[in-house]
Amino acid sequence: MDLKELLHGVQAKIYGKVRPLEVRNLTRDSRCVSVGDIFIAHKGQRYDGNDFAVDALANGAIAIASSLYNPFLSVVQIITPNLEELEAELSAKYYEYPSSKLHTIGVTGTNGKTTVTCLIKALLDSYQKPSGLLGTIEHILGEGVIKDGFTTPTPALLQKYLATMVRQNRDAVVMEVSSIGLASGRVAYTNFDTAVLTNITLDHLDFHGTFETYVAAKAKLFSLVPPSGMVVINTDSPYASQCIESAKAPVITYGIESAADYRATDIQLSSSGTKYTLVYGDQKIACSSSFIGKYNVYNLLAAISTVHASLRCDLEDLLEKIGLCQPPPGRLDPVLMGPCPVYIDYAHTPDALDNVLTGLHELLPEGGRLIVVFGCGGDRDRSKRKLMAQVVERYGFAVVTSDNPRSEPPEDIVNEICDGFYSKNYFIEIDRKQAITYALSIASDRDIVLIAGKGHEAYQIFKHQTVAFDDKQTVCEVLASYV
């Protein structure tokens with residue numbers, strides 16, 4: 001596609017003479033620009049892309065998209081106050097609107113997105129509906145797997161990944177849709193056929209400012225699904241009604257406590273998994289899963305209702321298939337080589353931590369205790385730090401450590417967390433490896449140890465460097481040293 005065709009009708013001001021030059025790529029990284037590319041001068045937390053516009057030109061950029069006009073640049077400039085949405089518009093057009101060629105399923109919610117998307121993908125694949133996946137752990141485009149750290153990729157990458165899925169003959173894509181991605185316009189010009197709500201609890205107030213704005217961002221996804229599509233809602237979520245009100249498409253519901261189209265009853269929890277009865281219409285079907293905890297029953301229900309309502313497949317067959325599914329990496333990931341069970345989990349919000357600890361508390365032997373290693377990420381929502389401490393304090397003994405401190409001093413983050421404790425039933429160890437070592441050293445055979453906050457992540461982010469660090473690997477190394 002040439003530049004003149006791409007910019008025709010675009011929602012932005014165009015400066016400079018637009019010529020029919022071939023567009024080869026769109027990118028935010030000036031170092032990756034080559035001849036024929038459009039450079040997206042995005043302003044991030046650490047760097048301003050406008051500072052690298054000259055570098056992009058030197059590398060061969062034929063146009064620059066920005067929120068700021070630069071009169072000293074002799075190149076086509078595409079200017080708009082909402083650069084992320086412009087990036088989405090240009091990228092979707094350049095890649096010929098790939099989401100319209102896929103059955104696009106978006107999953108939003110504070111917690112559970114990764115588990116639900118992985119379950120839906122596994123089920124679709126089992127029904128010979130090959131699907132792609134865009135999520136926190138990885139992006140599966142078909143044959144290729146990409147790990148870039150984004151829950152929802154940047155607009156140019158999102159459209160590029162979707163186009164790759166089309167080329168690799170995927171029928172569907174299941175994607176995590178973050179509140180930030182919705183509020184910023186990152187998923188604009190993406191056509192959603194199905195939207196799924198897991199739950200809405202406190203998170204990302206550093207970005208959204210207020211909880212009401214955060215809820216509104218989540219609810220936006222359901223307004224993007226056309227009447228020909230479908231929305232799937234957890235009716236037990238306190239903010240389900242706001243999402244339902246936003247919907248133009250038919251609503252499918254699931255839940256445990258309240259009335260729903262797909263409902264789980266008779267839930268039995270154990271260390272080996274969960275048993276429950278699925279109630280759908282007149283059908284009552286006994287189910288089992290290796291997933292642990294009541295909160296995971298919600299995740300299972302979200303996947304079951306989405307796939308069953310989409311494919312209209314045999315429900316009993318679907319339940320057999322989901323019963324064989326395993327949790328994603330870093331989601332209550334067990335290490336059973338020591339004297340007591342150790343679990344690695346990504347829980348990094350108060351609600352997620354509460355859900356995990358509720359599930360583990362029910363598995364505790366008499367006289368046992370929960371030992372929880374956790375911290376909070378730097379440069380992120382500070383309001384949840386005290387709340388995280390209060391959650392852990394209700395269930396067991398806390399070992400407070402660093403998570404991904406980013407630009408903040410780890411000691412400052414830990415001190416803010418500890419302001420939330422009412423008692424002195426906690427221990428501070430800033431070094432995460434030493435914190436894990438300490439927790440394992442004090443655990444008895446009747447205890448359960450939870451290493452929370454990082455899950456699948458194999459790194460720690462500090463102010464000036466990112467270092468290799470894997471919670472599960474660290475646990476295994478420490479336990480092996482005891483032998």
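Quick reminder: no glycine exception, Cβ is built from N, Cα and C everywhere.
Remember, predicted model here, so these are calculated numbers, not experimental data.
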Among Arg331, Arg369, Arg380, Arg382, which residue does Swiss-Prot annotate as binding meso-2,6-diaminopimelate together with Asp403, Asn404, Pro405, Arg406, Gly453, Glu457?
Arg380
List only the single closest residue to Asn111 (ATP binding site), chosen from the binding-site residues Arg380, Asn404, Arg406, Gly453 by CA-CA distance.
Gly453
Using a Cβ-Cβ cut-off of under 8 Å, list the residues of the same chain that are 6+ residues beyond the ends of the motif 'Meso-diaminopimelate recognition motif' (403-406) and lie near it.
348, 374-380, 413, 432, 453-454, 457, 460-463
Spatially speaking, which of the binding-site residues Asn404, Pro405, Gly453, Glu457 is closest to Lys218 (N6-carboxylysine)? Use C-alpha to C-alpha, please.
Gly453
Mean pLDDT for the motif 'Meso-diaminopimelate recognition motif' (403-406), rounded to an integer?
97
Nearest recorded site to Arg406 (meso-2,6-diaminopimelate binding site) by CA-CA distance, among binding-site residues Thr110, Gly112, Lys113:
Thr110
Spatial neighbour of Gly112 (ATP binding site) that is closest, considering only the binding-site residues Asp403, Asn404, Pro405, Glu457 and their CA atoms:
Glu457
Any idea what the Cα distance is from Asn404 (meso-2,6-diaminopimelate binding site) over to Lys113 (ATP binding site), rounded to a whole Å?
21
Rounded to a whole number, how many Å is the Cα of Gly453 (meso-2,6-diaminopimelate binding site) away from the Cα of Thr110 (ATP binding site)?
14
